[in-house]
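Below: the structure, in structure tokens.
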Amino acid sequence: MMEEREDSETKPLHQDAGGSHVRRINPKKGILEMMLRPIQWLRMLSEELHWSFVLGVVIVYGIISTWYYMKDEQKVQPSQAQPLWGLLTDVVPILGYRRRPYLIFAGFLGVISMLILSLHKNLHLGFALLSPVAGSAGIAIADVAIGACVTQHAISHTYLAGDMQSLCGMSSSIGALLGFSLSGFFVHLVGAKGVFGLLAIPASLVVLVGILLRESQVRNFAYRRVKEKIVDASKVMWTTLKCRDVWLPCLYIYLSLALGLHIHEGMFYWYTDAKEGPSFSQEVVGSIFSVGAVGSLFGVLLYQNFLKNHPFRDILFWAQLLHGVSGLLDLVLVLRINLKLGMPDYFFVVVDEAVSRMIGRIKWMPFLVLSSKLFPSGIEGTFFALIMSIDQIGLLSSAWSGGLVLHMLNVTRTQFDNLWIAIVIRSPLRLIPIGFLFLMPRSDPNLSILPSEMLRTKRGNDVLEPENIEMATLVNSI
């Protein structure tokens, strides 16, 4: 039926020089179809997973990303306690629900902490220190809770795992773009304390998601057995980690991140240096990062439309190779080769940032899709938080090693003579993970990786199936 409809809307057949019949496509129709494709994709996800789940992912991931990047303007860092929150959402339901109360709590935590920072002029030192920590904890809790929901759907809809991660990636990239673009503007408009007040608005939307989220209720939960259930969850997690199909990919994810050699701090100081660098202002650097968010979004679109059905190893080979080669763009910039070629610093840095973020996102997407296939049912939040902790450890290792290299090369806030050497060292290190691609599975990315018996949690003779998560409509709540 689709082919017949397309044929009826195209122009009549004509013969080419060889005598064969060729059908000409209306260019305007092709552009319209391309513009409508994202809407059709969202409609497909809504039909398969329920429209409200799609809306919830867009809201939470978009808001978390916007919240994080606007808070980054105020030098507030995310929480490092995700594994604890993940474990609690899995084994300690509140009023019979595993996700909804934690999302509501996360939202209220964010609202209260941001309002305290915004409204109190003479805030006690203790509250001044605790409020940002509470806001970061709210981000972590919301991230774990919605990540667990996505994982549950990935278990029950394996063939849509790539689409769901693309939805998360697009929401996050758009949120980052908004955060980068608006943070500086709002700081100038309402001041730093005013920005904290504005951040209470997205936090309140997380509360709304928690109120509307519908999930099956846990009946007759024995709170006296919480300790036992935590021990059981820990045993299941340990059993899963011992599975070869799980720990090998986790090891590769760590190596890929740790060998990245993070030297962005040295590059940032060079960007703003008036003597040796291009002397960019902080606002200009923020605009560059905004373009990087666009590149990240473009990477998600490329993955979703052209790469999601390709094997993990194939995508990671080319992504890792391009990741290493693209790092040499910084070398061209630091050695001022771009100026010799007549390319302005700002233009070159914008292209560099967009390309680097796009490749980084393409490299990251298979990790997210694969990770969603490694979670056993029943401990989705715990395992999601564990995987995110592995990512954080990899990034920290990269930052530590990068800082050590910069220190050994005597690269400081004002000294950049050896910065090019750090860039040269970084590029081949980024290629080393290619030699460890054997750690990644060869399987079809649309199929399950774990054995079927590990995709469900057994307790006695009972089998806990993944919950049906969706947003309750306002009509049903009346």
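One-based numbering along the chain as shown.
Any Cβ shown, glycine's included, is placed from N, Cα and C.
The region 'Disordered' feature in TrEMBL is assigned to 1-22.
Feature annotation from TrEMBL assigns transmembrane segment to 49-70 (among others).
Residues or ranges marked as transmembrane segment in TrEMBL: 102-119 (among others). Distant neighbours of the transmembrane segment (102-119): 60, 67, 85, 88-89, 94, 127-128, 131-132, 134-135, 137-142, 144-146, 193-194, 196-197, 199-200, 202-211, 213; these residues of the same chain sit at least 6 beyond its ends, with a Cβ under 8 Å from one of its Cβ atoms.
Positions annotated as transmembrane segment by TrEMBL: 125-146 (among others).
Tertiary proximity for the transmembrane segment (167-189) is limited to same-chain residues at least six positions away from its ends with a CB under 8 Å from its CB atoms, namely 45, 54, 57-58, 61-70, 72-73, 150, 195, 198, 282-283, 286-287, 289-290, 292-294, 296-297, 299-301, 303-304, 361, 364-365, 368. TrEMBL lists 167-189 (among others) with the feature transmembrane segment.
Annotation comment: TrEMBL describes 195-213 (among others) as transmembrane segment.
TrEMBL lists 246-264 (among others) with the feature transmembrane segment.
Annotation comment: TrEMBL describes 284-303 (among others) as transmembrane segment.
What TrEMBL lists as transmembrane segment is 315-337 (among others).
Counting only same-chain residues 6+ beyond the ends of the transmembrane segment (383-406), those with a CB under 8 A from a CB of the stretch are 80, 82-87, 143-144, 147-148, 151, 237, 240, 250, 253-266, 367, 371, 374-376, 419, 422, 425-426. Summarising the annotation, TrEMBL assigns transmembrane segment to 383-406 (among others).
Positions annotated as transmembrane segment by TrEMBL: 418-440 (among others).
Contact between the transmembrane segment (195-213) and the transmembrane segment (246-264) is not supported, since fewer than 3 Cβ pairs fall under 8 Å when only residues 6 or more apart in sequence are counted. Among the recorded stretches 49-70, 315-337, 418-440, the one sharing the largest number of Cβ pairs closer than 8 Å with the transmembrane segment (246-264) is 418-440. Note on the transmembrane segment (49-70): residues 42, 78, 103, 110, 139, 142-143, 146, 149-150, 153, 157, 160, 164, 167-168, 171-176, 178-180, 182-183, 186, 195, 198-199, 202-203, 205-206, 208-209, 212-214, 469-473 of its chain, located 6 or more positions outside it, place their CB under 8 angstroms from a CB of the stretch.
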